[in-house]
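Enquirer: One structure coming up, written as structure tokens, with questions to follow.
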């Protein structure tokens, strides 16, 4: 690792400082983060086991929920072990290439989750607005294609972010990352060279994936609400609306946290850096923590099956 004119040429190791400004209390911050991670793992694994064991839940809605659970487990696992290592054991160093790999995993699973949420919205749109064609459209083959497609879309586009960093950015002002995990903008900001292409491509990916998904999810739910309100019976309207409540809650949590995290990173120049870091951590930890709770409470079939599982354990 060579130092030239006060800059570092191709650093081999970076240092993650955690939450800047809150280093003295990071140990205690790690406790609720760890609790959220454990609940997220338990809740998502429970939903996966429930869907796998109950043949009546082998429908598109629940299979998409299983995809969401797998993505949530992978996303939270990408950051929590290293984050807790920083908070509790002061293990702040990370190899540069390992940092880029973590960045690729995190953003790939973020974008994959967005794609799964879009697929869930389209599934609800067809189920409510064109129910007679739902089974013919959402076949198991199509579900597999959607799962592979949203993963490849994310993986390939995010991989280009890594290539741009490796090929364009050779000199860095510092090797200290003011963050608790490797995030695209946090790494790009370290560079001492022109980073406009990296920033523009990052915004392009965000719009192509997250922006595209948000637009079509919103349009799907607008069309769903129009169809629901046209139903003649109040009970039918409530039943149709109730099937979408969980999806809407998950959709709002994921995208609102993502919006505030991205906004403070790019435009919140006067916002303290610990706010940036906390929002980024919450953006990655809260959805995996809340999703199984929301679906467990709002989805009757899953709630009944989980209750049956625990009831059998109690009686045995």
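The backbone N, Cα and C atoms fix where each Cβ goes, and this holds for glycine too.
Okay, so TrEMBL annotates it like this:
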type	residues	note
TRANSMEM	27-49	transmembrane segment
DOMAIN	43-295	domain 'G-protein coupled receptors family 1 profile'
TRANSMEM	61-89	transmembrane segment
TRANSMEM	101-122	transmembrane segment
TRANSMEM	142-165	transmembrane segment
TRANSMEM	200-226	transmembrane segment
TRANSMEM	238-258	transmembrane segment
TRANSMEM	278-297	transmembrane segment
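Distances, neighbours, how buried they are, the whole picture for these features please.
Expert: Within the same chain, residues 60, 63-64, 67, 100, 103-104, 107-112, 114-116, 118-119, 184, 187-188, 197-198, 201-202, 205, 208-209 sit at least 6 positions outside the transmembrane segment (142-165) and bring their C-beta atoms closer than 8 Å to a C-beta of that stretch.
Nonlocal intrachain contacts for the transmembrane segment (200-226), taken as residues 6+ away from its ends with a CB within less than 8 angstroms of a stretch CB, comprise 111, 114-115, 117-118, 121-122, 124-125, 128-129, 153-154, 157-158, 160-161, 164, 184-185, 188, 240, 244, 248, 251, 255, 258, 262.
Sequence-distant contacts of the transmembrane segment (238-258) (same chain, six or more residues past either end, CB-CB distance under 8 Å): 61, 68, 110, 113-114, 117, 120-121, 124, 127-128, 210, 214, 217, 221, 224, 227-228, 231, 279, 282-283, 286-287, 290-291, 294-295, 297-299.
With a cut-off of 8 Å between Cβ atoms, the residues of this chain six or more beyond the transmembrane segment (278-297) that come close are 19, 33, 36-37, 39-40, 43-44, 46-47, 65, 68-69, 72-73, 75-76, 79-80, 83, 106, 110, 113, 179-181, 183, 246, 249-250, 253-254, 257-258, 260-261, 264-265, 303, 306.
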Enquirer: Counting only residues 6+ away from its ends, which parts of the chain sit with a Cβ under 8 Å from the transmembrane segment (101-122)?
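Expert: For the transmembrane segment (101-122), the nonlocal Cβ contacts are 61, 64-65, 67-68, 71-72, 74-75, 78-79, 82, 94, 146-147, 149-151, 153-155, 157-159, 161-162, 181-184, 187, 205, 209-210, 213, 216-217, 220-221, 247, 250-251, 254, 258, 284, 287.
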Enquirer: Are there residues at least 6 beyond the ends of the transmembrane segment (27-49) whose Cβ is under 8 Å from a Cβ of it, and what are they?
Expert: 19, 65-66, 69-70, 72-73, 76-77, 80, 83-84, 87-88, 281, 285-286, 288-289, 291-293, 295-296, 302, 306, 309
Enquirer: What mean pLDDT score does the domain 'G-protein coupled receptors family 1 profile' (43-295) have in the model?
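Expert: In the predicted model, the domain 'G-protein coupled receptors family 1 profile' (43-295) has a mean pLDDT of 88.
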